[in-house]
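Here's the structure, in structure tokens; my notes come after.
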Amino acid sequence: MNQELDFMFVKYARVWIPDVEEVWKSAELTKDYRHGDGVLQLQLEDGKELEYKLDPKTNNLPHLRNPDILVGENDLTALSYLHEPAVLHNLKVRFTDSKLIYTYCGIVLVAINPYETLPIYGTDIIYAYSGQNMGDMDPHIFAVAEEAYKQMARDERNQSIIVSGESGAGKTVSAKYAMRYFATVSGSASEANVEEKVLASNPIMESIGNAKTTRNDNSSRFGKYIEIGFDKKYRIIGANMRTYLLEKSRVVFQADEERNYHIFYQLCASAHLPEFKALKLGKAGEFHYTKQGKNPVIDGVDDAKEMSTTRNAFTLLGVNESYQLGLFQILASILHLGNVEVKDRDSDSSIIPPNNGHLSVFCELMGVTYQDMSHWLCHKKLKTATETYIKPVPKLQAINARDALAKHIYAKLFNWIVDHVNKALHSTVKQHSFIGVLDIYGFETFEINSFEQFCINYANEKLQQQFNMHVFKLEQEEYMKEQIPWTLIDFYDNQPCINLIEAKMGILDLLDEECKMPKGSDDSWAQKLYNTHLKTCALFEKPRMSNKAFIIQHFADKVEYQCDGFLEKNKDTVNEEQIHVLKASKKFDLLVELFRDEEKATSPTGAAPATGGRTRLSVKPDKNKAGQASKEHKKTVGLQFRNSLQLLMETLNATTPHYVRCIKPNDYKYAFTFDPKRAVQQLRACGVLETIRISAAGFPSRWTYQEFFSRYRVLMKQKDVLTDRKMTCKNVLEKLVQDPDKYQFGKTKIFFRAGQVAYLEKLRADKLRAACIRIQKTIRCWLARKKYLRMKHAATTIQRYVRGYQARCLAKFLRRTRAAIIIQKYQRMYVQRTCYKRKQAAALAMQCILRAYMARQLYKSLLREHKAIIIQKMVRGWLARQWFKRSLRAIVYLQCCIRRMRAKRELKKLKIEARSVEHFKKLNIGMENKIMQLQRRIDEQNKENRGLSERLNSLEVSHAAESERLRVELTRLRGAEEDAKNNANKVTSLLEEVERLRKDLQNTQKEKKAIEDWARTYQDEMEQMISELKEQNHLLKNEKNDLNRLIQEQSQQWKEKMQRALKEETEQLENDLNEERSRYQNLLTEHLRLEEKYDDLKEEITLAVNIPKPGHRRTDSTHSSNESECTYNSEFAESEDGTRGGEDAIKGILDMSLFLKLQKRVSELEQEKQSLQNELDRREEQFQRARARDDEEHKKARSAELEYESLKRQELESENKKLKHDLNEMRQSLRGSAEASSAAPGSPAYTVLLDQLNASNEELEVRKEEVLILRSQLVSQKEAMQHKDEKETMTEPLPYIEDVQKLTDAKEISQAYMGLKDTNRSPRFTRRPTEVNELVSRLRSPFPDYHKLNEDGELWLVYEGLKETNRLLESQLQAQRRSHENEVEVLRGELQSVKEENNRQQQLLAQNLQLPPEARIEASLQHEITRLTNENLDLMEQLEKQDKTVRKLKKQLKVFAKKINDLEGGQMDVSPGQTTDEPVHPVNIPRREKDFQGMLEYKKEDELKLVKNLILELKPRGVAVNLIPGLPAYILFMCLRHADYINDDQKVRSLLTSVINSIKKILKKRGDDFETVSFWLSNTCRFLHCLKQYSGDEQFMKHNTTKQNDHCLSNFDLAEYRQVLSDLAIQIYQQLIKCMENILQPMIVSGMLEHETIQGVSGVKPTGLRKRTSSIADEGTYTLDSIIRQLNSFHSIMCQHGTDPELIKQVVKQQFYIIGAVTLNNLLLRKDMCSWSKGMQIRYNVSQLEEWLRDKNLMTCGAKETLEPLIQAAQLLQVKKKTDEDAEAICSMCNSLSTAQIVKVLNLYTPVNAFEERVSVLFIRTIQTRLRDRKESPQLLMDTKLIYPVTFPFNPSSLALETIQIPSSLNVGFLTRV
């Protein structure tokens, strides 16, 4: 177990964890779970990480999610993991995503209210579910109803359908649809329309028992059980209804947003009607009882219309108008009673004003006195043991008494209506069985729960107990049936809760006891409950904060009940005196009838104590009456409910129950919105989860051995597969599942524990995933390699061409680059040299001038600097001296002062120091040092003085030398200054000249710029003008082209528009004609049905009046039409036939008036059709005239183009004159002889053609020789050709000049020229011939005219011919090379395959050698088996091909044999002149037969014998098979011809009438035999064609021979009888279609959908308990081959009978329509069939049907088009369904499917394997948005009862009447040939 958990709880495994908002939330493991871990690492769907802590005590792991492939299953028990989150999620996915409201849960149908009208309850859906097994179709209330109906018929046991759920869950609607199903499918046993009455009871009960609540707009406020009775043939004969616990308090009180019962609002809405004027009603808002909810209107409901429906239902149920008005009168009085106002008189009494209007109306309507009613509304009578008191009551008690009276009246009225409905539905026929439909309230719990909720939950406890026992019983039966060891399953038993409520001293018992107490109250009752059950019963609890409530632990939840009002509601008392007043009414009989059996409405005790107040009136008691009153105790409501519930449970236990649990998805009535909290509450309450728990406790998953083998074949090895499927499954399971307790083997099924299927699915998915990865790897490798090789080849090719092109471009570029470089070199050199010279001259001039200027400037600066230096020197010297002197004086003065001051100080110090000896010593020491320092300083200063003097001397010497140099330089500079002045004058003049030249240059440049600007502007303007002109020209051309295109488009549009209009009108006319024909044929069918019904009734009356003779017995009308058909062997039968024949003749005459009317109607339709055709012709003529006008305008617009085309045409004509001339010569030569031998050898035309052929051959040989000669010469001279200059290269014949000059030999030139001349004989190159000598002279002349020589382009043509020859040879060579390469490639591939095979064999051999001997033998055997299997497959394919060839040859042989027979028959039809010449055989016709005119004579008394032998007793399978097709029709017509020949109108009429009635009789007798119906359809049509062919009308005589025209009818016009026969043929055709449909119907679903034509494609998914109650035995599965064989049988029978080919096409079209419609309808109703693999199967099956059509040459009959919806549905299952592009593709592809069908298929699409993906809700909404604008019928299913209108195209016979031989086997020897 731990290993399995470790295997399942791995990374990426998905689990369910509890959630507050969503109840359960999905999460994914992000880490593997190991045993002992306390935390799971999870990731939610929104990406949030979560650590889920396990319970340390239990260590329970969270619930695992089912695989995606199991999500959305039809049956919840098919889920591998059966637990609450799996159930909730499956329901949510089906409801919100797939829009499926029904789901099976074992034996329970879970129905979720969609709060939206769905198109799934139509009659077509009902018939689609009729006869189907419960598991074969998608879950539906109709499937449950069908199962109950079939079990009733099969098991002879009554059935019950229990519909439960809380208010607003859809219980009433489900019960209504179940009853509608029974009424539609079963029909009634009489003509009383009982099924309509049963359905009519619904609107009545809804109007008086349903009301709007906050949870539901049409909530049933009572429970009902309807028993629908059936007779022995299981047809409805009646019904009976029982009701439970009507909510009477709603009559007087409604909460906010709620309403009273619907009937009150319907009355108010219809108050304006004349019959309701006396009721004095108004709007609903004017009455107290209807306005308390403050919302009297329901959206989408018309109360007035509903009132009309209710009244019609009353009428249908037999309630006459007076009673209806009485009912409405009582209801109106209740409304008026509610408006009666009670006022206080004092604190203890109340009063009603004497003139209260509403009370007056109430009394007037009820027929009672105002005083009595007003008195007893405000008073009550109290009885004691001795006296009776009349006591006034206060206002509140008076209002309560008024409301109690209203409730009591309404309850009585409700019961009266229920009784009358039951009387109307009661049947006098004995009831054989019944089906009960229980519509009862579900478990309820509110904030405040009272007596009503207590009773409701009590009833649900009883129903849940019965449900649990039934489920447990079914589980036990299943285990016992399969011989599985039975272990007791612990399931919830709610018997203790039931005992708490209903046992002795239980809650109800204590309640009744308290009601009997004189002073009983709710408080005392609550105390009794506490004292009795609080300590003894664990299911009973007391609230902590209340002493007036109690809590009961029900099976669904704990419910707290408030004790207030329990006693009052249980007593349900009303004032007895008020009832007496109503009983005293003498004007209103219905009111008296309501209270006829009324018990006295006193309390159960019969007395009540006085509660104070004054006594108004005292009356002495009546002792006898008091004693009687004490005995008449009224039953309490609780006791009544308990008794009725007990009766109900006894009824249910005696029936087979079927459960429907209705779920309310949300509290806001939002469409397809799922609230998990509310849903899980109801699932727990209705027992669905308990069913799941019981199933999960055992073996919930169950597979048959074949299903298991088909599903998990991939997990088996080849050696595991045995012939015995059971042993195979056992062996495999033992290997896959180690724990044997996880599964059990039954007789026919394998039982699995919960979760094991998911485990196996995981193994299967892993195996398939590995296989898919391996396949993908191989295929991707192959694809990648193929792509790589293609890309490599393409790349090398591209590279080769690109590199060649690049090399050529590079060479060209290099040549051009080299030439450009050379040009650039010289050009740049010249430019640079010129520029350099110009710049050099300018530079030299500028340098000269600049250097002179700079020298002058330098001189001036040096001069100024020298003078400045001298001035500065003098000034600075003077200033320095002055400064030095001032400074010296100041310094000296300062030194003096300072020294004086210091001296004074020193002197002062010395004076002081002198006084001490120590100081003196120190002074001496310091003085010695100072003297030494001073001496040293003196020496240093002396050295410095000597150095300074030396430097001063050297400076003086250098200064003298510098002064001398400067003086010499100054002299030189003065001379240069003089020269500079002279040069300055020259520079000034040159500068002036340069300035003038510069100005001239500037002016010239300005003028040049202006000129250039003007030129540029002019050029721009011209270019702009040219571009504008070009644009205008382009625009004009575009406009012209647009106009031309527009003209063409308009003409094309007009043409298309007119063609479209013509086509639409034609189609409309055809549709109208088909519709009219269909209506006519439907009317004809209805007429024939009524006629047959009339005959049956007439026979029944006859048989009832007359005493049947011995030897005859009465038979059912549905099996035999009359006795005469079964007793033809007696004389009595013949006489009876004679009388009946006379009656039929009379009836035929009487019916002629109807047929004539119908024929008149057809003629009117034909006239209307002719008028429409004339209108169509007139419009077509208008279109032609408009088109002619458009063509004229178009011609005018294109006149220029037409002229240009005419010129081109003239040129082409002139060029083709030569060819026309030659053609004319040939025609003239051939026109000489017109005989057939003119083209023979030796004739002129033959000679001319032969001469031309020989000449062409000779010219071809000469041309080849000349081409070879010129080619060799041109090749030899090719190297000598060179380009001498550019001028010579531009001349065209230059390449050939030198070659021509080389040709000096005149003979050679003449030979070449003559050959070329003959070669160019086409009209384009034909020229006047030139003499050879002239040509030679031109060539030998010094200046030959090469242009003239080559003016015809001979040499160029020769060169082109050579090139073409080279190309041809090269192409042939390449073709040979390619073929050689292909052969080499093929050989390589074969060699490679041989190598691979060799390697594989070697590998297998090596592997086998490594294996042990036993395994080696097994492997070799397996290998050999595989090889033989492949060979067998190849041989089977060859065998199939040979079988097809044999079938084709057989068909051809049959065709040839038929042709031979036709030829032999044709040889018999020879002319009279030829018969005399040929020898006569002994067996030929005698001599007198040549005068046979094709007529047969019979006596009047032999007419019945003729009809009997030729129609009634003729067996198609016997004698008729060997006859000529249509022989009975020919014989009858030949008899008719004789009657026409003798001009006997009575005989003609009698014969035709007898024939028609006899055909009808034989069809009525053997109408279910396809061969018989086909035989008489063929003969009827042939008889009709004979009447037309020999009628004498020209339109029918076109294909007749002269002899056949002589055989035409001469005296009578039988056009009216032709119409009668046409109607008869229509009837036979429809009978044929019905017969064919009955045969095909059982085959279609099995063969087209269920059977796997392609083995292994479809997968088998878990099915749960689906096919648990199969009502039919397995009779063998039909396959597609069965359908095709049946189609072949139909076709061969019709061909043998000689049916018209056009009629066969119509029959085949109808057959294929039935196949397609039935298949598509089942596909739309079966979720398990909507998968990719099933789409593939369907398309393959359709292709097989198309192949059958091709084999029969019926592809043009329109049968394939009838399969188009099925084909598109199959394609829809297979196409990609993800993106918007996919949605667009689907919308464009599925044009034959309606929007509802497309959406249904997408919603039902279910993956069979884990690799398929579901269709997202967003994608389906995208599809709906795109298809929103489609205008189509909202019907979901196709009409399988549709029959296409049939036509009988005229098909004349080529068979001559006089050649027909009548075999003796027909027993018509009494006929005489005339």
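Cβ coordinates come from backbone N, Cα and C, glycine included.
These come from TrEMBL:
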- 71-765: domain 'Myosin motor' (DOMAIN)
- G165, E166, S167, G168, A169, G170, K171, T172: ATP binding site (BINDING)
- 604-616: compositional bias 'Low complexity' (COMPBIAS)
- 924-1100: coiled coil (COILED)
- 1118-1132: compositional bias 'Polar residues' (COMPBIAS)
- 1359-1459: coiled coil (COILED)
Over the coiled coil (1359-1459), what is the model's average pLDDT?
-> 72
Let me know the most crowded of the binding-site residues, choosing from G165, G168 and counting other Cβ atoms within 10 Å.
-> G165
For A169 (ATP binding site), what residues in its own chain, 6 or more apart in sequence, show a Cβ-Cβ distance under 8 Å?
-> A111, N113, N216, G442, C662, I663, K664, Q682
So which other residues, same chain and not among G165, E166, S167, G168, A169, G170, K171, T172, have a Cβ within 8 Å of the centroid of the Cβ atoms at the ATP site?
-> N113, N216, S219, S220, G442, C662, K664
Looking only at S167, T172, the binding-site residues on record, which one has the least crowded Cβ, with the fewest other Cβ atoms within 10 Å?
-> S167
Highest CB neighbour count within 10 A among the binding-site residues E166, K171?
-> K171
